[in-house]
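A short write-up of the structure that comes next.
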Protein chains: 2
Amino acid sequence: MGIQTNKKGLLVVLSGPSGAGKGTVCSALKEEVPELVYSVSATTRPPRKGEVEGVNYFFKSKEAFQRMINQGELLEWAKYVNNYYGTPRTFVEERLAQGHDVLLEIEVQGAYQVKKVFPEGVFIFLLPPSMEELRARIQGRGTESKDTVEDRMKAAREELGHARYYDYLVVNDKVAKSCQQIHCILEAEHLRRERIFQENPNWLEGI
Amino acid sequence: MGIQTNKKGLLVVLSGPSGAGKGTVCSALKEEVPELVYSVSATTRPPRKGEVEGVNYFFKSKEAFQRMINQGELLEWAKYVNNYYGTPRTFVEERLAQGHDVLLEIEVQGAYQVKKVFPEGVFIFLLPPSMEELRARIQGRGTESKDTVEDRMKAAREELGHARYYDYLVVNDKVAKSCQQIHCILEAEHLRRERIFQENPNWLEGI
């Protein structure tokens, strides 16, 4: 019959300071690893034109969102500018059980919450190549006042300290390179002996 | 100045039962990962035509080999058919210090010895896709008697049990796929936070 490789999906958490380029890397990763499933967030923010329920977000009332928090249905959640955002647990767990790798692109605080519930996840920290480059990226958006840039730089410096809690560190100097590296991390994690035997203690007997 | 990635080389041990295809995978890996340095073994076997000292082997007298064993100059060694074979420690350590990844393609007993001296090494176990395929490969060489085939199958079954001591398991059904997977393992290991911080505790300050 031949030996089976690891069938359960990996929970992959991609985080890092704001300005590291998480969004850009995630978009590029959809080309590089098309089989990767992206977690869909729940939010209390009203849908924008063209946004589709269950594709862009799960749209929830504040009451429904609060109920999800209370009943432990969110892997992580946070409040930004009067709206709540969170990661529904069921969506993620179902996809993992089906054997899909699931990617969560979230802020460091959210990642910290997920780590407590899913210690077996693969935690990848994306870093800017330098603080100067980070500043250039934040300023480059051109939408931020001088004070806001300083605030964001200060926040980024604090967020960088979270690197110590992650499994892998990816320096995002070139998006294509970062994508390849993340692809390799997923490939390698599926081959880890610990993971394979944890899931199937009799794996060797399949040979 | 920007952040530096992990500069010290990885010690990579590729092992697995005889018949798994270690030699074939190693040859193909020279194309896939040209920057990988291959450890050169010491042996008491006389050089064959065309073999070059320091390239194919370090050729040693039995006395010199015994001295290397006694002085702890070998990472691992074993005796096959009246000749000794071993991995000189200095060659490996020098290349690692220069930042090269170094590959050791060795038998499971040797890998077990290396693990004790180099627990931070990356230990990759190569498996045949099935016992039937392994038998076909051993028989396919056409040089073995029926009894020898059975002996080798029995030895391979025992060697398979060593899989439990390795970091990664690679099922060698297709050589090109195995090579890519090993390439990814090396790439991912260089990005492991633990390894990066162990080597350079102030790594984050470089950013």
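Count begins at 1; order follows the chain as displayed.
The backbone N, Cα and C atoms fix where each Cβ goes, and this holds for glycine too.
What TrEMBL records for this protein:
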DOMAIN    B:9-187  domain 'Guanylate kinase-like'
BINDING   B:GLY16, B:PRO17, B:SER18, B:GLY19, B:ALA20, B:GLY21, B:LYS22, B:GLY23  ATP binding site
Number of Cβ atoms other than its own within 10 Å, given for B:SER18 (ATP binding site): 17
For B:ALA20 (ATP binding site), the number of other Cβ atoms found within 10 Å of its own Cβ: 26
Least buried by Cβ count (within 10 Å) of the binding-site residues B:PRO17, B:GLY19, B:GLY23: B:GLY23
Integer mean pLDDT for the domain 'Guanylate kinase-like' (B:9-187): 93
Among B:GLY16, B:GLY21, which are binding-site residues, the residue with the most C-beta atoms within 10 angstroms of its C-beta: B:GLY16
ATP site shell beyond B:GLY16, B:PRO17, B:SER18, B:GLY19, B:ALA20, B:GLY21, B:LYS22, B:GLY23, criterion: Cβ within 8 Å of Cβ centroid: B:LEU126, B:PRO128, B:ASN172
Which same-chain residues, if any, lie at least 6 apart from B:LYS22 (ATP binding site) yet have Cβ under 8 Å of it: B:LEU14, B:SER15, B:GLY16, B:GLU105, B:LEU126
